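Per TrEMBL, the features are as follows:
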- 123-280: domain 'CP-type G' (DOMAIN)
- C303, C308, H310, C316: Zn(2+) binding site (BINDING)
- 353-382: region 'Disordered' (REGION)
- 359-371: compositional bias 'Basic residues' (COMPBIAS)
- 372-382: compositional bias 'Basic and acidic residues' (COMPBIAS)
Amino acid sequence: MRLCHERAFVASNTRVAAMTMQDIGWNDAFEKEFAPYYLKGWKPARLIRDNRITYGALLEDGQELEVSMSGKIYHDAETDAELPAVGDWVALQVGACGEETVIQARLTRQSCFSRRAAGQSAEEQVIAANVHIVVVVTDAGQDFNARRMERYFTLIGRCGAKAVILVNKSDLYPDAQNQKAAGDIRALNAEAEVYVTSVENRQGLEGLRNVLKPGVTVALVGSSGVGKSALINLLLGDEWQWTDEVNGITGKGRHTTTARELLILPKGGILIDNPGIKEVQMWTDEGTLREAFSDIEVLSRDCKFQDCKHGSDAGCALRQAVEQGELSSARLEGYLKLDQEIEKLRGRRTKRQLIVDRHARRSQQSKARKRSDRELARELRP
Ligand SMILES: Nc1nc2c(ncn2[C@@H]2O[C@H](COP(=O)(O)OP(=O)(O)OP(=O)(O)O)[C@@H](O)[C@H]2O)c(=O)[nH]1
Ligand SMILES: [Zn+2]
């Protein structure tokens, strides 16, 4: 079968063209889940671009296809979060000449990096699916914000990914300032890998390079202007110079931050770049909140009253810890604010659930009505 709308993904970059499914994130669990789809003649592919109506999908043979969702996938999804997203593995029914290639199924996500959608919606927004590592880029100056970092950690923890933090632009700040920022970040999350880097001077990047291995999917996030694009260009650029094939990966030369993209790095690793994320909004649950602030949770057991609001309540252990310098007041404020936010989120989620339930009931009723109409019509048929 010849494919019409296929585009060579990496036409003359032999190193990437020789990649395997594992190089782009495939593993045994996906293989097992895919078994019934092989029987239908469907092909596995990873979504590398979200064009809203269509998606870019990368197939085993290195071909990139423009694909669309089947009606079933669209209608079965109760929330946007269930729709295919960049990083998802899907089953494609590849169209013959002139026919569309259609996503017939989405494989179970092994992890999912998501946030609450902007605006009033309580709906989860998937940033990237099947992510192993989230790299947060920040700097020790203007961008540094421990509260925001806490939020990143909450989201990353919920996703089950490893956190790698780059305190970038180190060439612009005194070493002590860079080290202090890195130390503050480590204090928030002992498991995070924190590196002081200068993309400009190509310094401090060994740690990141070490986690970028074939098959490992990395999502790159951070405020605007912290150096994400510069970093991507560096990671891709090295190899581009090697291969003399500057347009090999994106087909348009240097990486541009216009759409969500999944990039296969020439030296191994899969990078998902999310230019859209200016500020991480929370999509989380109480459990994750408690985990992120487990030290405060433990402290609060010493509050005199079990329902202590940690405000002006008498005998508040948290306030006392702040007074004694054992807990930073900013961190306590962050904790209290997150709590409020989750309350609000829960309210919106309940409301949304009601709407979904009502909708489901209505469509059940209308289906039942249609069924009984059909039965009646059949009975009345001469
Ligand atoms: N001095 C210095 N400048 C850097 C460094 N890394 C990046 N820059 C510069 O900072 C500016 C912004 O970097 P970008 O890579 O465009 O930032 P970004 O995170 O991709 O920003 P968005 O695309 O808006 O999300 C550019 O002029 C970079 O050259 C660094 O380590 N040191
Ligand atoms: Zn208290």
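Residue 1 is the first one shown; counting continues down the chain.
The backbone N, Cα and C atoms fix where each Cβ goes, and this holds for glycine too.
The local packing around C316 (Zn(2+) binding site), expressed as other Cβ atoms within 10 Å of its Cβ over all shown chains, amounts to 22. Sequence-ordered, the extra residues of this chain that approach the Zn(2+) site, with Cβ no more than 8 Å from the Cβ center of C303, C308, H310, C316, are S300, K304, F305, K309, G311, D313, G315, A317, L318, R319. In this view, H310 (Zn(2+) binding site) is surrounded by 18 other Cβ atoms within 10 Å of its Cβ, with every protein chain counted.
Taken together, the residues of the domain 'CP-type G' (123-280) have an average pLDDT of 80. In the three-state DSSP assignment, the secondary structure recorded for C303 (Zn(2+) binding site) is coil.
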